[in-house]
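Q: Annotated domain 'ABC transmembrane type-1' per TrEMBL: B:75-283, in sequence order. Residues annotated as transmembrane segment in TrEMBL: B:75-102, B:114-135, B:169-188, B:219-242, B:262-284.
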Amino acid sequence: MGGEALSLERLAIRLGGVQILRDITLDVPAGSFTCLLGPSGCGKTTLLRAIAGFAPPSEGDIRIGGRSIAALPPEKRETAMVFQSYALWPHMSVGGNLAYPLKLRRVPKREREEQVARILDLLDLPGFADRPLASLSGGQRQRVALGRALIIDPPILLLDEPLSNLDAAIRRNLRSELRSLQQKVGITTIMVTHDQEEALSMADTIVLMRAGQIVQVATPEELFTRPADLSAGRFLGIDNLIRGRAGDPLPGAEGATLGFRSAEARIAAAPPAGALARHGTVVDCAYAGGGYQIRLDTGGESVSALSDTALAPGTAALAAVPAAAVMAFGADEALLPH
Amino acid sequence: MTSIPDRAAAPPAPRAPLFRGSGMGLLLVAPALAAIALLYALPLVRSVVFAFVAEEGGFTLDHLRTAFELYGRDVVFSILVALASLALIAISSIAIGGYLTLGATPWAVSALRWLYRWPLFIPFIVAGQTARTFLAKNGLMNGLLMESGLLDPLSAQSFLDWRGLVLTFAWKQIPFVTLLLAGAMASIDRSSVEAARNLGAGRFRCLIQILLPQVKGTLLVGLILSLVQIMSVLSVPMMVIAGNPTMMTAMMAHRVTYYGDYPVANALGLFSYLLTAVAAWLYLRMTLRDEASR
């Protein structure tokens, strides 16, 4: 098994007179794990469906390993997709579901059975071939859906929010399982998700999308620490936005919008050296497990920070954030260079 | 300090049931039961019983024997016509339902959706009349074929025989079965078809191997209801077919109107019941087996 590179060139999609995607250009290296991340309605699922052949592009090209697949019907594209609803066939057993793609490729019966057994072992579901689907749990169904996609040894694996229907605990387990399986098989994988935690923990590269366009293509670390603009930052959990003042320990901070995450801000007695600090009065104090989430009014602005002790509303306090955790955005909302 | 009443010690008395025992319940359903018994069950049982009662009283198989001797060919003819019609209905409604669900040309799909239901609103007798003028030797179909040069006038033949019956029954019942089938197909999760296409199945395979197995039960219900229609419609065989053999319904009507011979007509009716009962039994057996395997 192994993956092939995928490239999208100036791809645009119109559906029912509405421009869903515009000017999407993206190179996905062979064997990599790429996440399409964005709020709902941003076009990420449409992009995945366009690669699979279910949303015809109005412009642009889609290439797998150098050959164009944009004009091919879905059944000729050899891109294996795992659907959010699993889309297993209820009239077939587990083995029947897994063997069907092989049957379509005229693989002889004996070989089909061997492959089904092999893939069930890989998915940690040995001996499940004859089970009816109804007897499987959500997590097991998800694995069967994944196995059905992997069994044809596709050049590209497309995952459409594959974990979103599962419980939080199963989701965390399957996340690492899916990631290690992908690395073991070495298949080029593109996953759609709206869950930033999922994208950050699984992907080699994250493609951040908004309103039908790509906003940023970056590694998880880069995306988390250097989001391209203010709204990307907000989507990635930046919940404090304040106006920069003269004397703030960041170059060009004055007049810029400074953003940081509450989890990085602390209530402190005195400002640590080189930290961004704001004095204010406590407006709100809520227990947040292991500490308190404090909201301060800092003269017309609101700042959230963590504190080890509870503070009564009305108390004067100081919130401090290490300068490295603060991002400065310019008037056009783009991230300013460090 | 006021004491709080001890609820645990004095639970509220259970509310008395509105109707005690089964007597009152029975009384409530009595009108419906009586209607079913008098208007449906009684005539049915009577007609079955009278197929076995001799003129001078007592049990006899004579009526059955007479019915079979005189109309055996019609019984076989009816069964064959019914089976051929059902086959045509099944194939056409699967094709239409499949196109409505999987079709890629939006205008063709909407045109078909608009067109296919029309025969539903046309009574059987009108369908029979239309078939007569369309399928006769000098009918509209041959006329059109001759005019377009596709048919030599000398080799024109009438379709007013078993073929006319099969075509008329199918024309009338295809929309009904398609309506059921297309509804069932539309309710299937779209991604289950997309998953099949994604893994290499063309549209036709998706229809036969993914959609059809999931709506099999609905198709069978449609076909069984159509069978009951075919076995009970009198106007179509009367209009379309002139000679012998013909459908059992026509023979039953003939026996009653010309000879006043109810027992033999009842015996023929019994064959119809048996035929539809066999179909219903096959259907029940299949659904039970499917449910057991789930």
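Start at 1 and count along the chain as shown; that gives each residue its number.
Every residue, even glycine, has its Cβ placed from backbone N, Cα and C.
Note that TrEMBL annotation is computational and uncurated.
As the structure is a computational prediction, the values presented were derived from the model and not from experiment.
Map these features onto the structure and tell me what's around them.
A: Sequence-remote contacts of a segment are chain residues at least 6 beyond its ends whose Cβ falls under 8 Å from one of its Cβ atoms, and for the transmembrane segment (B:75-102) they are 68, 108-109, 112-113, 116, 162, 165-167, 169-170, 173-174, 177-178, 181-182, 185-186, 193, 203, 206-207, 211-212, 215, 219, 222-223, 226-227, 230-231, 245-248, 268, 271, 275.
Among residues of the same chain six or more beyond the transmembrane segment (B:169-188), those with a C-beta under 8 A of the stretch's C-beta atoms are 81-82, 85, 88-90, 92-94, 96-98, 100-101, 116-120, 122, 124, 127, 131, 211, 214-215, 218-219, 221-223, 225-226, 229-230, 233, 236.
Only residues 6 or more beyond the boundaries of the transmembrane segment (B:219-242), in the same chain, are considered here, and those with a CB under 8 A from a CB of the stretch are 78, 81-82, 85-86, 89-90, 93-94, 124-125, 127-129, 131-132, 135, 160-162, 164-165, 168-169, 172-173, 176-177, 180-181, 212, 248-250, 253, 272, 275-276, 279-280, 283, 286.
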